[in-house]
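Asks: Annotations per TrEMBL:
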DOMAIN    34-159  domain 'Tripartite ATP-independent periplasmic transporters DctQ component'
TRANSMEM  22-43  transmembrane segment
TRANSMEM  63-89  transmembrane segment
TRANSMEM  101-118  transmembrane segment
TRANSMEM  138-165  transmembrane segment
Amino acid sequence: MTTDRSVQPAVRPAAKIWLNRILGGLAAVILFAMMVLTFVDVIGRYFFNTPVEGGFEITELMLATLIFAGLPLVSATDGHIAVDIFEILIPNAVSRIKEALINLACAAMTGVLAWQLAIKTGETVGYGDVTAILHIPIWPVVAFMTATLVATALILVIRAGVVLFPRNR
């Protein structure tokens, strides 16, 4: 948003540092690993006619982990894409209420997704779901996705409270 509401951050600075270190570091490592895997796969495929076995499966699992690792980070820093064409026309109090309602709606939707993924985690553990080629268990990735969605929902609820009840700096 382009308007400054002087709102306290939803996540305390120390917690934000740990979020950035853990999830941001994980995302960076995964992105680098995906790059190396793709490079090795392409070189092996085109020059030696030997692709990385299961490279596609590994990339799929890493991509899911990468995407869900970023959700709490983006929510904690309010880094979601926002179109604020009419924001200047809305009074500050109304804008804060609107922003809080949006955060709460997003938290509710994220909570529903987390609930459904928690069910899916139980199913993948129960069925022993694995990838087709390398037989990598899927449940750890689904459990990680669930945990990051829960964290994201909590962050969004906190953001709504911070927007509605700002503390003076």
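The chain as shown is numbered from 1 upward.
Every residue gets a Cβ built from N, Cα and C, even glycine.
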Asks: Take the transmembrane segment (101-118) and find every residue of the same chain, 6 or more past its ends, with a Cβ under 8 Å from one of its Cβ atoms.
Replies: 71, 142, 145-146, 149-150, 152-154, 156-157, 159-160, 163
Asks: Taking residues 6+ outside the transmembrane segment (22-43), which of them lie with a CB under 8 Å of any CB in it?
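Replies: Distant Cβ neighbours of the transmembrane segment (22-43) are 51-52, 55, 58-59, 62-63, 65-66, 69-70, 72-73, 148.
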Asks: Using DSSP, how many residues in the domain 'Tripartite ATP-independent periplasmic transporters DctQ component' (34-159) fall into helix, strand and coil?
Replies: 96 helix, 2 strand, 28 coil
